[in-house]
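A short write-up of the structure that comes next.
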Amino acid sequence: MYASREDIGYDFGDDSKVGSKPVKPNPNIDGGWAWMIVLSSFLVHILIMGSQMALGILNMEWLEEFNQSRGLTAWVSSLSMGITLIVGPFIGLFISMCGCRTTAIIGGILNALGWILSAYASNVHYLFLTFGVTAGIGSGMVYLPAVVMVGQYFQKRRALAQGLSTTGTGFGAFLMTALLKYLCTEFGWRNAMFIQGAISLNLCVCGALMRPLSPKDREKYVVRSDGEENQAKALSHSTETIKSNGVLSEEPEKKQEAANEEVLGCVQHIEIGGKSGSGRSMYGLRILKTVSQLTVTVRKGFALWYSSYFGAASLFTNRVFVAFIIWALFAYSSFVIPFIHLPEIVKQYNLSRQDNVFPLTSIIAIVHIFGKVILGIISDLPCISTWNVFLMANFTLVTCILTLPLMQTYVGLAVVCALIGFSSGYFSLMPVVTEDLVGTKHLANAYGIIICANGISALFGPPFAGWIYDITQKYDFSFYIAGLLYMVGIIFLLIQPCIQKKQPREKSTEEAQV
């Protein structure tokens, strides 16, 4: 089984200084300010993902208010969830140009604006634009930086750090479900959305906490043990092979940087030479220098973003990563569908009285918290493969999705929901698996692709379930079809690592014969 990119023999070259040991590691890596980054990411997950997991409450209010079909109304929640994730690749471009902090602050403002404007909705289609698109894009601009920053600040305890930060989804689903229920009961759903918009402005504070690491700090990022150094030696053959194909060539990037520095040097020389000139000309030179620096930053960020997707070092040349994308296309809807449609299932089975005492969505949310932390701790153990833990959690989740329609009692549904909550804790391992596949340098762009695939899954999953219900008056077939598609994605994850590991062996055999 595959455990990391070292096992696959695939690398993008961001660990070129693998064997070197830093003289003085940065205290903020795996400690210090890194825990503030975890806190910031934790709050982001509460305010964004937690709120989205509680949209079943608002979905029922919208059904009653606008008298539209379940399939059409479900598109509001799906658009919000889907667009949050689908914009991932484009948010990766923003991060490359502006950094995580600026991107997150702008996203917080946009998200709050979407909630507030949705309070004035006159129909479902208005919600598509304000809540689905506006709030969704804002959520995406905060969510991806929150995940990427944790990956940059942690190395030894990555899975645990991601697990702790993403438990905010579980806490948020529990808290926001209770909060939205209370606000809708006391003030109505419109005022509830207005208040939630004001609360969402705290995302700007979370973004301000995302202090970027300097390039020197990133060079000290990885502290290798002797065992890891020996493991790194095994990378040399595959790295040389990739270099020969032009994947790791950095000459164009170096030439681009030299040209950029030359432009800035010329502007600075003019500025120094014109000090004796008038104040107006000096002011113009400062504007020119600022514009030049901004242009260089944008060009450099776009070049990194473009090379990750379309250049010689494209992420799509990694077959295991492509299989990971295919899995993501089917996986997320299987987790989202229960959250959106469980309130309706409870009403259909006449279990509202028990559900009011302890909602099934809250059971998923609470157990989800423990699942992320426990799976993160297990994955950080030296003798445990993160990939194997990831696969086992996926198998458990798909089994629960296929079993859920068979449960028609509150106890049965509660047990299945608890298992769904625990096994879905693998979400905290997704950034770790992605980083193992492509490296830290490409994490933002790679994880942007993964959550984009998840977004497509979330976008079409709930409306599909609602459409099936409108036809059959049952949710059973929705869960069965979603579970089978999810299983197809898991099979891709199982097949590709075996193919990837088999190819180098075949090549070495041919070389031996020659």
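The backbone N, Cα and C atoms fix where each Cβ goes, and this holds for glycine too.
Here the transmembrane segment (33-55) has Cβ contacts under 8 Å with residues 76-77, 80-81, 84, 104, 111, 139, 142-143, 146-147, 149-150, 153-154, 161, 164-177, 179-180, 196, 199-200, 202-203, 206-207, 209-211, 339-340, 361, 365 of the same chain, all six or more residues outside its ends. Annotation source TrEMBL lists transmembrane segment at 33-55 (among others).
The domain 'Major facilitator superfamily (MFS) profile' annotation in TrEMBL covers 37-501. Mean pLDDT across the domain 'Major facilitator superfamily (MFS) profile' (37-501) comes to 77 in this model.
Residues or ranges marked as transmembrane segment by TrEMBL: 75-95 (among others). Through the fold, the transmembrane segment (75-95) approaches residues 48, 52, 55-56, 58-59, 62, 103, 124, 127-128, 131-133, 135-137, 139-141, 143-145, 148, 301-302, 305, 308-309, 332, 336, 340, 444-445, 447-456, 458-463 of its own chain, all at least 6 residues removed from its boundaries and within a Cβ separation under 8 Å.
For 102-120 (among others), the entry in TrEMBL reads transmembrane segment.
The transmembrane segment annotation in TrEMBL covers 126-148 (among others).
Cβ atoms under 8 Å from those of the transmembrane segment (160-180) belong to residues 34, 38, 41-51, 53-54, 56-58, 146-147, 150-151, 153-154, 192, 196, 339, 359, 361-362, 364-369, 371-377, 380, 421, 425, 427-429, 431-432 of the same chain, restricted to positions at least 6 beyond its ends. The transmembrane segment annotation in TrEMBL covers 160-180 (among others).
Long-range contacts of the transmembrane segment (192-210) within its own chain (CB-CB distance under 8 A, at least 6 residues past either end) are made by residues 36-37, 39-41, 43-44, 47-48, 51, 58, 100-105, 107-109, 111-116, 118-119, 131, 138, 142, 145-146, 149, 179-180, 183-184. Here TrEMBL flags 192-210 (among others) as transmembrane segment.
What TrEMBL records for 320-340 (among others) is transmembrane segment.
Beyond the ends of the transmembrane segment (360-378), by six or more residues, the same chain brings 50, 53-54, 56, 159-164, 166-167, 169-174, 177-178, 338-339, 342-343, 346, 384, 389, 393, 413-414, 417-429 to within a C-beta distance below 8 angstroms of the stretch. Summarising the annotation, TrEMBL assigns transmembrane segment to 360-378 (among others).
Among the features that TrEMBL reports, transmembrane segment is placed at 385-404 (among others).
Annotated transmembrane segment per TrEMBL: 410-433 (among others), in sequence order.
Under the heading transmembrane segment, TrEMBL lists 445-465 (among others). Sequence-distant contacts of the transmembrane segment (445-465) (same chain, six or more residues past either end, CB-CB distance under 8 Å): 71-72, 74-75, 77-79, 81-92, 96, 143-144, 147-148, 151, 304-305, 308-309, 315, 321, 324-326, 328-334, 336-337, 340-341, 430-431, 434, 437-438, 475, 478-479, 481-482.
Taken from TrEMBL, the feature transmembrane segment applies to 477-495 (among others).
Within the chain, the transmembrane segment (320-340) has long-range Cβ neighbours (under 8 A, six or more residues past its boundaries) at 2, 8, 10, 53, 55-56, 59, 74, 77-78, 81, 85, 173, 361, 364, 394, 397-398, 401, 404, 417, 420, 424, 433-434, 437-438, 446, 449-451, 453-458, 460-462, 464-465, 478-479, 482-483, 485-486, 488-490, 492-493, 495-497, 500.
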